[in-house]
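Engineer: Here it is, the structure in full.
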Amino acid sequence: MRIDVVSIFPEYLAPLDLSLVGKARRAGLLDVRVHDLRDWTTDRHRTVDDAPLGGGAGMVMRPDVWGEALDGLVEQGTELVLPTPSGERFTQRTAERMAATGHVVVACGRYEGIDARVADHYRERGVRVTEVSLGDYVLNGGEVAALVLVEAVARLLPGVVGNPQSLVEESHGAAGLLEYPVFTRPPVWRDLPAPPVLLSGHHAKVERWRRDQSLRRTALRRPDLLQQVPLHELDRDDRHVLEDLGWTFDERDGAVPPG
Ligand code: JB8
């Protein structure tokens with residue numbers, strides 16, 4: 001897997017040398033290349049921005065500089081990713097698709113963003129172009145989204161995460177539920193006992209308790225996720241847990257939150 005990141009702040013991507021991502025790179029499982037956009041400027045001042053057409057606050061990144069940079073990096077089969085607050089949500093499904101792609105190029109904007117013709121141009125050339133947002137808040141540029149993307153994608157690559165079971169049991173996996181709470185020793189800490197069922201040695205009871213916890217957490221914190229779960233994936237025990245929280249079930253509407 002290759003990921004190119006283009007930024008006017010390449011030092012911002014320094015954490016990609018660390019931890020699991022750094023290890024994956026050194027192991028040759030992941031080829032991450034960080035580029036300085038200003039390497040593709042040709043003027044004395046290495047200018048990457050200009051005033052917005054139509055007026056308004058701030059500056060816009062010039063399409064000509066981005067075009068020179070991306071022409072040298074985008075190939076047949078590349079997915080071009082542009083972080084922007086007006087993009088589609090970056091989710092675990094997005095990360096999974098990108099991990100299955102051989103090559104991703106991330107174009108990190110700053111200021112008021114990148115001239116919109118850049119995305120249009122590469123789409124017209126048949127490139128898959130994805131404008132992505134991490135969530136409903138505004139950052140100063142695309143670099144943090146690039147860090148998130150690389151980490152989320154890298155850990156899905158074969159051999160990067162030591163125990164592949166930790167990939168399937170996680171929040172935002174296929175089940176569409178949040179993860180259950182986890183505990184370790186000591187069994188009592190500052191007067192707080194761990195749930196006794198986890199020390200019972202009764203595997204089936206542990207599994208049921210964890211499922212209940214996942215359902216309760218998802219219902220209370222992320223009802224939007226639970227509403228997406230197909231009814232046939234909720235068994236009688238599941239429905240009892242949710243009914244206690246005021247949820248109902250309908251052939252057409254699926255799981256319906258209280259109120
Ligand atoms: C200028 O919030 B963000 C984001 C914000 C940005 C740019 C890119 C992404 C470019 N501001 O994800």
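Just so it is clear, glycine is given a Cβ too, placed from its N, Cα and C backbone atoms.
Reproduced below are the annotations present in TrEMBL:
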type	residues	note
DOMAIN	1-228	domain 'tRNA methyltransferase TRMD/TRM10-type'
BINDING	G109, L134, G135, D136, Y137, V138, L139	S-adenosyl-L-methionine binding site
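Locate each feature and note its surroundings.
Structural biologist: V138 (S-adenosyl-L-methionine binding site) has a Cβ environment of 8 other Cβ atoms inside 10 Å.
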Engineer: If you count Cβ atoms within 10 Å of each one, which of the binding-site residues L134, L139 comes out on top?
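Structural biologist: Answer by Cβ density within 10 Å: L134.
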Engineer: Which entry in the list of binding-site residues, G135, D136, has its Cβ near the fewest other Cβ atoms, using 10 Å as the limit?
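Structural biologist: Per-residue Cβ counts within 10 Å for the binding-site residues G135, D136 bottom out at D136.
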Engineer: Around the C-beta of G109 (S-adenosyl-L-methionine binding site), how many further C-beta atoms are within 10 angstroms, looking at every protein chain?
Structural biologist: 25
Engineer: With respect to ligand 1, which members of the binding-site residues G135, D136, L139 satisfy a Cβ distance under 6 angstroms to one of its atoms?
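Structural biologist: So the answer is L139.
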Engineer: Quick one: largest C-alpha distance among G109, L134, G135, D136, Y137, V138, L139, binding S-adenosyl-L-methionine per the record, in angstrom?
Structural biologist: 17
